[in-house]
Amino acid sequence: MELEESMKQPTCASTEANALIDCIDKPISTVIIVLGIAGNIYSVVLLFHMRLHSSMLISLLILSVWDIVLLAASFLHYSLASNVHLWRISPDHEGIHAVSLNGFVAFAHLMSTWMLIEVFAKRFVAVSRPLKLLGQPRIACFKRRRQSYLRMAAFEFKYPIMTVIFAAVVTLPTSFEYTVVHCTRDGQHSYEIVATDLLRRPAYRLLYRTLLMTFLKTFGPFVIISALAIATLNEYRRSLRRRAAIILVQDEIHASDRDKTRSLQMVSSVLLVKFVLLRCFPTFLEIWQYRGLEMTPAFEPLPSSLTHNEVPTSSSVTLLARLAYLLVLLNSATNSLVIVILKSFLDSVRRKRAQMRQRISVAQHVDQVLLKFSYYALLFFERKCFTSNVPNDP
């Protein structure tokens, strides 16, 4: 009976191992994921020791949490299958869990990207309209404190909840792109992951995977982030010019403002360059491959039924896909590193420079006071000597 069932089942596609691809998927990606999760956890701890507005604090915390979720899901979705394949552990069942995580990885990636946009938007609001954040309810009267806290929590989490709903609806089709089928491998019953009819449709791959997801994950966020970063720098410089018009003296304040401008400009520039290098290249590869890259799990090569003029599965394309996957992981692993850790380091350097300038100013002021004191003391001593040497009239 089992022999008859095995005869009816199709033969599994060949899964020849590629040592270079497995090494990229296994050791390198695992190291990036572990370091990224550790860096995001450190960023969360560091955020609670920073003086930030509650709105910005919540946005940064949510961004770090979603980056952690994305990295953990990516490990289960991509790297775990390569780990067991590299160490020859349970080769028949490798990658099956990736089918259930396919849509969730796309959902987490979209959430991480749009939470980064929200952080940039909060920075722009904090610079352009700082008094707007002060108008939000913080402390209510004693009798209505609980209602005020609930209202404030609903207000702060309104945009993240809307982003969750939006990302869940948009990435819902990605949960139905792959399925598990039974097959025979070397005469034994096994499993295989194949693309569904939904993924095989050219219209779906063109309209949804190539156009819609590319716009929502790369080009749209890049345009929005670039516009917000430029607008934030312009508003901050305009506010500094207004402040300089009011405060005409105190060079220390102007130097501190210049350091703040450089810090803001450096963080924004690093984020933009990082987004271009670590996110645009995978997107260009997605367009070239005519499919979405995040939804290609680590159970390549694909079955032979998909290799005929549908999806390129050459070793060079697969290697580029793995390299682009590493760049996507590196982008998510370094978001909080740039926004929180790098900014905290630049702020500490700026404070040290301000303290050094203040010490130099105090030392110069003390030197001026001592110089004036010595000058008047010398005048007093000379006058006293002059009066003591004048002879008295007889």
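Cβ from N, Cα, C; glycine included.
Annotated in TrEMBL:
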{"type": "TRANSMEM", "residues": "28-48", "note": "transmembrane segment"}
{"type": "DOMAIN", "residues": "39-339", "note": "domain 'G-protein coupled receptors family 1 profile'"}
{"type": "TRANSMEM", "residues": "60-81", "note": "transmembrane segment"}
{"type": "TRANSMEM", "residues": "101-121", "note": "transmembrane segment"}
{"type": "TRANSMEM", "residues": "153-172", "note": "transmembrane segment"}
{"type": "TRANSMEM", "residues": "206-233", "note": "transmembrane segment"}
{"type": "TRANSMEM", "residues": "266-285", "note": "transmembrane segment"}
{"type": "TRANSMEM", "residues": "323-346", "note": "transmembrane segment"}
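Segment contact holds for the transmembrane segment (206-233) and the transmembrane segment (101-121), given three or more CB pairs below 8 angstroms at sequence separation of 6 or more. Against the transmembrane segment (28-48), the recorded stretches 60-81, 101-121, 153-172, 266-285, 323-346 differ in Cβ pairs under 8 Å, and the greatest number is found for 323-346. For the transmembrane segment (101-121), the residues of the chain that approach it from at least six positions outside its boundaries are 56, 59-60, 62-63, 66-67, 69-70, 73-74, 76-77, 159-160, 163-164, 166-168, 170-178, 213, 216-217, 221, 224-225, 228-229, 232, 271, 292, 294-295, 297, 328, 332, 335, 339, judged by C-beta separation under 8 angstroms.
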